[in-house]
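A.B. asks: First, the structure itself, so that you have it in front of you.
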Amino acid sequence: MQKLKQQVFEANMDLPRYGLVTFTWGNVSAIDRERGLVVIKPSGVAYETMKADDMVVVDMSGKVVEGEYRPSSDTATHLELYRRYPSLGGIVHTHSTHATAWAQAGLAIPALGTTHADYFFGDIPCTRGLSEEEVQGEYELNTGKVIIETLGNAEPLHTPGIVVYQHGPFAWGKDAHDAVHNAVVMEEVAKMAWIARSINPQLNHIDSFLMNEHFMRKHGPNAYYGQK
């Protein structure tokens, strides 16, 4: 697990490097599918002092199997998503400014241009609000459930992120670093959408044929973007 702990540590350290977190407002995890174990950031530990050995290993029920700290308070959300989506290898949660602003507004981040379409096939959805019973019950678990409810039958790697109403963004990917990459993109396109709509409030969505081309040339069965 040491290699995975190092990867998760490095991915967590990327959050402040890319300006996605303030103080300790974020967490990254990754899963070892063969062992059924998840490595995640410890709760409330400052990035300035955090080490790879501080990462916490939990099983799929959330029981700590390795580590001296308590795992992130969002662990149950991560675990619920891993259980539902076998294609996920890493998950990240932040309170990055612009993506969180869309979450607080209760709005999906609209697909307005090709930067968005290179990574997200359509709008980045916003969940419904959690009920009082859901919040007072198993809050973090129910956060995972409302993400799954919102995604429905969508392929999660075609929509590698979401904003949770009145809370903030979650992103995911094939591994921890891919998840952070998608979180960075989400923050950037959230900022772009806010600026674009400020310039032109009547702005609608990117043309569907242009969105299809940009997404499929990177992620489709006949993708040709980048190097083999």
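Backbone N, Cα and C atoms are what each Cβ position is placed from, and that goes for glycine too.
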A.B. asks: With D74, H93, H95 listed by Swiss-Prot as Zn(2+)-binding, which of these, H158, H167, H177, is given for the same site?
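C.D. replies: Given D74, H93, H95 bind Zn(2+) in Swiss-Prot, the matching entry from H158, H167, H177 is H167.
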A.B. asks: Cβ neighbours within 10 Å, counted over all protein chains: which one of the recorded positions D74, D118 has the most?
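C.D. replies: Per the Cβ count, the most surrounded site is D74.
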A.B. asks: Among all the protein chains here, how many other CB atoms are within 10 A of the CB of S72 (substrate binding site)?
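C.D. replies: Cβ-Cβ neighbours of S72 (substrate binding site) within 10 Å number 25.
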